[in-house]
Structure formats: C-alpha cells, structure tokens
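Note sheet for the following structure.
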Amino acid sequence: MVKKEESRLPQAGDFQLKEGSVVDATRKYSYFDLFRYSTRCERFLLVVSLLVATAASAFIPYFMIIYGEFTSLLVDRTVGVGTSSPAFALPMFGGGQQLTNASKEENNQAIIDDATAFGIGSLVGSVAMFLLITLAIDLANRIALNQIDRIRKLFLEAMLRQDIAWYDTSSGSNFASKMTEDLDKLKEGIGEKIVIVVFLIMTFVIGIVSAFVYGWKLTLVVLSCVPFIIAATSVVARLQGSLAEKELKSYSDAANVVEEVFSGIRTVFAFSGQEKEKERFGKLLIPAENTGRKKGLYSGMGNALSWLIIYLCMALAIWYGVTLILDERDLPDRVYTPAVLVIVLFAVIMGAQNLGFASPHVEAIAVATAAGQTLFNIIDRPSQVDPMDEKGNRPENTAGHIRFEGIRFRYPARPDVEILKGLTVDVLPGQTVAFVGASGCGKSTLIQLMQRFYDPEAGSVKLDGRDLRTLNVGWLRSQIGVVGQEPVLFATTIGENIRYGRPSATQADIEKAARAANCHDFITRLPKGYDTQVGEKGAQISGGQKQRIAIARALVRQPQVLLLDEATSALDPTSEKRVQSALELASQGPTTLVVAHRLSTITNADKIVFLKDGVVAEQGTHEELMERRGLYCELVSITQRKEATEADEGAVAGRPLQKSQNLSDEETDDDEEDEEEDEEPELQTSGSSRDSGFRASTRRKRRSQRRKKKKDKEVVSKVSFTQLMKLNSPEWRFIVVGGIASVMHGATFPLWGLFFGDFFGILSDGDDDVVRAEVLKISMIFVGIGLMAGLGNMLQTYMFTTAGVKMTTRLRKRAFGTIIGQDIAYFDDERNSVGALCSRLASDCSNVQGATGARVGTMLQAVATLVVGMVVGFVFSWQQTLLTLVTLPLVCLSVYLEGRFIMKSAQKAKASIEEASQVAVEAITNIRTVNGLCLERQVLDQYVQQIDRVDIACRRKVRFRGLVFALGQAAPFLAYGISMYYGGILVAEERMNYEDIIKVAEALIFGSWMLGQALAYAPNVNDAILSAGRLMDLFKRTSTQPNPPQSPYNTVEKSEGDIVYENVGFEYPTRKGTPILQGLNLTIKKSTTVALVGPSGSGKSTCVQLLLRYYDPVSGSVNLSGVPSTEFPLDTLRSKLGLVSQEPVLFDRTIAENIAYGNNFRDDVSMQEIIEAAKKSNIHNFISALPQGYDTRLGKTSQLSGGQKQRIAIARALVRNPKILILDEATSALDLESEKVVQQALDEARSGRTCLTIAHRLTTVRNADLICVLKRGVVVEHGTHDELMALNKIYANLYLMQQVSG
C-alpha cells in the first residue's frame, strides 16, 4: 500500500472540517467567526490584549477624576469658599488637601500642591496607559498576522481542493483579488482595530461606572443621550456591512475581467479590444462607486446625529448640573461640586465621543466580516471530488482494466445539454483504444471522466472493477499520464516541468523521457539547457516544443494508464513521426486511451470506438470496422481519397514515396538539429512570463534567482503627501466642500473649550440667578455648536468619501488602461505576470483610497482643531500654550519614524505577496493540469515558502505600530498634566485667571487628542504613499512601440497592399543574444496565399507576431505597400488583420459577444453578421442546438471541445472581414469532417484576401500561391507546391514523409 503523505501545513491542519460535517456554502459568518483559525494560546492572548486594552481605557476616567478634582479645587481656592471640596485621587500624589476658612496664601500654596499632584498623576497615568496600549496592540497585530498567514494557506488549499465543476460554475473566483484585497481587509478587522474598538467602548463603560459612583442623578440625565448614540452607531454599522458586501462583489466582478484580459492579452491586442475591455471594466466599477457613496452618506448621517446628541447632552448636563451644585452650595457635606460635574460630564461625554470615534473602526470590522464571508464560503465548501483527500482505496497493483458503464453525463455549466447518453465501453489491460467521431461528440469528456474531473450523473467508470469514486483521487491520478490538446507548462525550467510528471525522477530519467519525446536535442542546444525558463504558460517556447515537453512529462511518470488527447496536433511532420513512434512504444505497457482526429495515427489501435450523439455507434479494430462498412469506414474512405489525390499529385510533381521514406530519417535529422538551435515562442494568446516555479531544484538555481531579484529590485518613486492628494484633484469640488466642513467640525472642539472655561468662571459668581441665566446661555451655545458639528461631520464624511471612491474608480480605470496600453514585451517581463498585475491593480488603488476619502477629512479636522486651539491658547496665555505644545513634537516624530520604517517593510511585504500570488494564480488558472499531475501539495509548499517571507516583512511593518498609537493616546493627557501644572502656578502667582487656564488647556488638549485619533490612520497613509508611488510610475510608463497618428501616408488602404519582410533580424526581449530571424527576406503579394512551413522553432510564428506588431524588428523592416509597419497606427494596422491561432482564447462573454469581438471597431455588429460568420466556420448548428443559443455564456473553463473553440475563433476572425487573414494551425484541433468543411470555408474566406498561413500539416497548404520553408530564421526554399516537390529538397522530403506516415 502507498503510504499516507503527511500534511505540509501542520499549523493549518488543526482547522480542517471534521469528518462528515456538512457546511452550507451560503452560510452567514459573524465577526467572531473571523477568529476560527486562531489557536487556544492565541485566543487566550487575544483576551489578554483586550483585557489590557480595557485596563488602559480605565485611565481616561482616571484622568477625568483627577482633572475634575483639580478644577473644582481651583474654583474653591480662588473664590475662597468656607470648606474646599473633598478629593480622593489627588491626595495619592500629595495634593487635594481639604481646607476650611483658609487664607489667601494658604489657598495659593494649596493650588501649587494640587497642580504638582495633578502633574505627577498625569505623568504616571500617561506612562501606564502608553505601556498598556502598546502591549495590547502589539499582541493583537501579531495574533492577526498568524491568523492571516493560516487563512492565506487554507484559502489556497481550499481552492486546490475544489472540484472542476465548481470552477466551471463559479463566477467570482478571481484569485489574485481575494488573496490581496480581501485578506488585507480581513487583517484590518481582526488586528489592532478590535483592540481600538474595545479600548474606546470600555472607556465609555468605565466612565459610566465612575460617573454613577460620583453622582448618579446627573449621570442618569447625561446618559439619556447614549441609547440614541448606540442606536445610530449600530444602524450605521449594519448598513455598512451590507453595503460592504455589495462593494466587494462589484470589485470582485471587475477583478475577474482584469485577470481574464491579462491572461488573454495577445488576443485583446490582435483584435484591438483595449477600448472595449476598458469600457467593460469601467461599467463593473460603477456599482462599487455608487455603493461607496451610499456608505459615506449613511456614515455621515450617523456620525452627525451622534455629535448633535452629544452636544445636546452636554448642554443638558451643565444646566442640570449647575442646578444640583447651587442647591447644595452651602452644605458642608455636599455631593455635587464642580468636580462631580466635570467627572460625570467628561466621563460620559468623552465615552460617548469615543463611541463616535469607534465608527470608522467598526466599519473596518464590518468590511472584514464581509471579506471573511467570501473567503470562508470557499474554505468551508466541501469538494465533491477532493484531490487532496486521504480517503479512498489505494490498490497495491493496477492492471489497467477500464470500463465505462452506462455513462450519462452533462457539464455542470451546461445542464440542459446531455453529452453522453448511456455510453458503455470496455478497455482491457494493456489495450490501446482510440475514440473517434465528430467534434463535440464526447471524446474528450471520457478523458476527463477517467481523471475524475467530473463524476457521471448515471452509470460508472471502473478501473480494475473498482468504481473510480471508491478510489483515492490523488492515487488514481498518480496512475495516469496525460497529454492534452493544449498542454500547459508552468513558469519554471524545462527540467522542472518534466519532473512534475514524477517528483522523484532523476536527471537521467528526465533526459530519457525527453529523448523519447524527441525534445532532448533542442533542449541541450539552448544556452541553459534543461535550466531554461519556459515563461508563463510556456510562452517562451514554440507550440511544438511545448507539446513535446508535455509528452516527456507524461512519459517520465511511467503511468499505468495513458491518456492522449490529440497529443501530436502541434508537431511538425518530423517531430510527429518520431513522437508518434515514442507514444506507440510507451503505450505498449499501460492501458492507453487515444482521442484523435487524424485516423492515420490510430490504425494500429487494439480497438477503435466511433462515437456519435453521446453513444457508441461502432467499435472494433481498424480491419473489423472497415469490413463492416459503416460510419468509420466512410470516414476512412474520405480520408484515403483525399490523401491519395494529394499523394498522386505529389509524386507527379517530385519524387516517389519510397525514396522519401528511405531518406527521411537521415535528412530530417540534420534539418531538425539545425533548425532547433534557436527557438521561438509560439503565437500565444495568453499572458506574460515570469521567473518563478513551484519549487527550486538546486541551490545554484536559488542563488541565481536571488541575484536576479536583487538586480531587478523594484525602485518606487518617492511621493509626498501633497502629491498623493493631487491624485484626488479632479474631485476638487467635493474636497473643497468637505474641507470647509472639516474645518467647521474641527473648530467646534476648541470653541467648546472656550465656553467651557467661561462656564467655570460663572461658577465663582455668588448670585445664583446670574449663574443660572449665564449657564442657560452657554447651554444654548452648546446646542449651536452641536448643530455646527453635526452638519460639518455629515458633509465632511459624505464629501470626502465620495471624492475617495470616485478617485479609486478613476485610478483603477486609468491603471487598467495604462497596463493594457503597454506593448507585449511589458507582459513578457517576469515582474509583470498575470498574478502580479492583478494583485498590484487591486491593492494599490485600494491603498490610495485608504488614506484619502473620509480619512483625509478626519486628519483635516484634527489639524483644524489644533490650529484653532493654538489661536485660542495664544490669545489667553502664550506661555501656557507653548508649554502645552511640548508634547506635539513627540507625537509627530513617532509618526515620521513609523512612516520611514513602514515604507521599507511594506515594500518588501508587497513584493513577497506578489510573488506568492504569482505561484497561486498560475496554479488556479491551470487547475486541470495541476490536478492531473497531482501537484497540489507542491503548489502549496511553494506558496507557503513565499507566504513565510510575507509574514516576516509584515511583522517588521507592525513592530512599532503599538508604540505610535499608544503615544498618540497618552500624549494628550501628559499635555494636560504639563499645561495644568504650569497654569496652576500662574493662578497661584495671580498672573492668570483660573477659567483662562481651563480655556487654554481644553482648546489645546482637544487638538492634541484629535491628532491622536488621526494617528489610527497613519499606516493607511504610509501604505497609500507607497502605492501612489507605484501608480505614478505606472502612469508615466508608455509603450516602447511607436504608434504614429493617422495620415495620408499610412492610410487603411496602404495596409492592404503587398507585405514585404526586408532583411528582418529579431530576438525576443526576454532572450537577448538568441537571434530568431537572421536577415529574413519575404514578399507576400496582395490577394495571394503564402504558407510558412518548417520544423518548430524556425521562425514561422515570429513572422506573424511581427506582422501583428506584437514586437518590432531589431533590424530591417516589415513593409506594407512600401510603408514600414512601424509607421502605421497600431489599430489601423490590426484592423485589417484577422487572426486564428493554434490555441484560441475565448472570453467570459456570450458566444455572440465572443464572435462580435472580432470587430471591435464597431458597436453595431449585427446578429445576422455573427450568424453568417458562424455558418462559414461550421459552428452555427452546434450553437443553435444549445438551450440559450448564441446567448450561451462561456465561462473561464467552458466545456467546449477544442474543435468547437477553434471554430468560434474562426468565426471571430471572419466577422471583421479582414483584408489579411492569418492562420496559425487554424484547423489543427478539428476532426476530419469539421476540418474539411472549415477548410472549404477558409478557402472561400481567402478569396480576394491576402493570407498568411502557418501549418505543420502540409496537405492544408499545398494549394497556397507560395510556400516558404524557413530554417534558422531565413527562407531557404520558396515556390509553389509543385515547384518545391520538383526541387526535391527539404519541403519535398517533409511532405512525402508526412504522406507515408499518414
């Protein structure tokens, strides 16, 4: 038995679902569910951090108590009452002595003692509070990082565990966005935010308790406002959570488009779809912008109501409080004194204000909960076919007896279309069974069922008599080798790609498999041999080479079951002959299932099964089926008649078949060795390339990668906060109104302090009626200030939020537009992989909004409070003002130091996250290949390595976060101590009135306090500055390709003339020093068909890419009507080119939209034009038979067969009515019947058009007006088919050998 593989994520394994548990995929998660992946120790430490935060919050009521006692004693000792108010806290520090009928001198000395005690008490409290908050935030952040680290790993693991059916039907599976934006939001909500919220809420709770202890009557009156504040806050939080989910959904849909476009960037360029994609992306951002504005409106209204209630409550408190004080004024054992009024008022009001300050943090928690909803729904979803599950049987021996029994099946994304209808096929051990039939009949479906990508809805698939559903999924797939029609290679070395077939394979095993797959020679001729990087999706090598590496990967696996789905479709004749022999040799041991359109490759099969309409129409050996004279015989007869005609014509034109057969092995060996010395990438329609694989193979490779990373280290422009704000300049109207509102709101705090000082001054008046009248006036003023604060806060929040979301939408659109406006070389850069670009686009724009929008209003409000407070302070006492401001440099210095530190560590964290995203996105994008090769654990291991680096960088980032926030909270109270200590001395020396020192202190301390609240957003600002630098660098970048404006010199008509390659030299930007074309000269006359042939790597696809201007020549030129292609506007040039590539990319649009995509220069492509193009490509009948017809949506992993996708791609090219048609193996994926019809359609389409064709199957180009044979990047032979056959050299040899093998 195979040993159970140990989990490589022990820290995540403790959090898997229990066996047999059932999870609702639509379950709603509470905030507490966000901590489900914390350990017991972490939960204990989190509780400790919250208790520590609670202890820290107790110091705010403590400050209110000593402040109330001190201010009350100031009044008593200045007025000279009979007996001063009792004190409980100040005596601990040497003050608060209760005097009776004291002299003026005694009172003044007592004031100095009280001031000293207050200063000492403030210092002790500030230090204690600073230490406690630092500890609480540091603990919470570390715990949050641990959990996010686990959730990242678990999320990828959950994605890798999902069945293919989920990928087919999932509309929001954009991986890069979830791994960056959603997890960042989750981290925000489970880290310091929860500590800050608890700190602010417990300040309120403990303040209420203190207030009740000192004066329950007044406390009850003041508390009357609290239910309204709590109600407003809770309603806003609930609305915020609901809207946050909608906002995330909108951004998720937009991120899907980004990932899809970047993955198919060459297709977008070929059909000039940039504007259409920008429009699609922009439309998907509109709901997010509208939702964001609503969030701002609701938040503003809630905050406004809270502030209005707070000021109304203060007005009521001082009015009622004075009544209580005056009633007991002359009593020796009075309860209500100015001290009690201050303690109750400040304890309750500051607590209520803290509830208001908690609002944005509560919003972050609501957003985190919404983000957790999307993440946990995936993590908790039980996969129907889990490739990483240890359950299931693992037989010791595998004979390879396969039986498909009564199979009924329909794809999950197309439940109305039944593909297999009761199919039964028996495959004996060691047999080679071939499946043939029209495109879409279910051949490839059987291959997928064999791998358990899907389970049949009826019937069963059995291996050695065991239902596949009873076998361990990983074990089953480890027994199978697969070579698909469109093989996927990963962005690592050639050697590593082959080793993925069997991780334990030695270098000798790899080379043996490569020789069998006929790719060893071209690999060893590369400068780095098996260490050559293939690029993302194998973009750096040709299609034929990619397929041979995939074959080597399957062969090194030494499988018991071999699945070949058009395994040689991308090979040239020479390679095909050799690889076919290798495959036949490899298939002698294992049971082999073959899907083939070329019947010549399956005549030796032990059994041939002809499928039609989802059932077996015929089965038997080649000879048996020919004798039966049924469907198979008819298909073979058509093929033989076609090939006989072509062979006869070839023999007449050139040389006998036998001679070709005898010479082929010798001559083509030399040709291939010569021509594969320098390799070219194929004409890809997929993404870019990068330099990272799933795992490092040697220490030397890791050292090389480190050197390369150091060399290519990202240098980000430095951006000031002013430059950051300039990004928001188009929204200046909102910012101006919001700025005025922020200043208005900020000014209310020092104004309140000013009148609060007057209130204390009034208390010294001996006439009770005067006191009552003046206090009533001040109460009314407080109501006015409340209205001013409420209106200012609402406008501030709404205007800045609107400015922020509008800016974010604009930045996302501009960044997306800038990226797709780059040249292909930009996407070839390893730093610009699909995963990295998606991650960058999502996080950078989000980060910039994180420091703009509503947070700018909060910071501007804090500055306004401080400035107005300073003005008030200098008016009343410049000495006390200067001394009070001594703490501000400490606060500002802490922000500066944190900023410098965060900028460095955030850059490292960003780079590490991008690398991790690259690994993950590549795996998820190619999930079928990952599943087929059982690479899930390897992907996870590599991702874990990258995430560990992210974790280190993030821990450095938060190291000083607690210190800075704690300093922002503690510094204002230290400032209180300093200010009131010095103010008390000034009062004792009769240099200042006691009410004035209260005015100065309140005005300034509120400014300092507001600055402390603004410090909660310091990390957002630092992240935003870093992201803004990256965005500005991006915006400055322009394509290196010239794109001249339209002129009479480069008209559309000019692009329709002769095409001339004039002494063209070219090497790919990512492979400098490896020339592909070396002085190529080629003329393509207008309205003629020219075919480029030659073995893989000879430069054929490069010629096409230069014509499409994916790249420009290094030397020489490509001319159209005598005008160099670089003189044409890109859109003008590409508008007349119709491309059908070897591996077509279709987008997540309807079939009609995909076909109409061929003509992006018009918005009014009619349905009639679409249908006509579909008919020409022989796909109309298939589309019409679908339940939704042309409105059928093609998802990311649509269940169309290769032939169906190819025909839609052909329709897409034809709908634009191109003057130049480019066919790169356009019929390679079609069955014989479809190929014949489509070839006729292409022949008709070529009429009156210039046509450039690339083909390995030379029979498809024999009617071309000119055939050019390329070798080492130059044309070595050219002429018509007959002329080249008569020449009796390379082309004749290739052609006749293909006829013999066919």
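Positions of Cβ are set from backbone N, Cα and C atoms, glycine also.
According to Swiss-Prot, the listed position annotated as N-linked glycosylation site out of N101, N1119 is N101. Scored on C-beta pairs under 8 angstroms, the neighbour of the transmembrane segment (960-980) with the top count among 117-145, 193-213, 780-801, 856-876 is 117-145.
Long-range contacts of the transmembrane segment (780-801) within its own chain (CB-CB distance under 8 A, at least 6 residues past either end) are made by residues 292-293, 295-297, 299-301, 303-305, 307-312, 314-315, 318, 734-735, 737-738, 740-748, 751-752, 755, 852-857, 860-861. Tertiary neighbourhood of the transmembrane segment (340-360): same-chain residues 60-61, 64-65, 67-69, 71-72, 196-197, 200-201, 203-208, 210-211, 214-215, 218-219, 222-223, 225-226, 229-230, 233, 236-237, 299, 302-303, 306-307, 309-310, 313-314, 317-318, 321-322, 324-325, 854-855, 858, 1013, 1016, selected by CB-CB distance under 8 Å and a gap of 6+ residues from either end.
Computed over the topological domain 'Cytoplasmic' (1-46), the whole-number mean pLDDT of the model equals 59. A Cβ distance under 8 Å defines the sequence-distant neighbours of the transmembrane segment (221-240), meaning residues of its chain 6+ beyond its ends; these are 204, 208, 211, 295, 298-299, 301-303, 305-306, 309-310, 312-313, 316-317, 320, 344-345, 348-349, 352, 355-356, 358-359, 362-363, 366-367.
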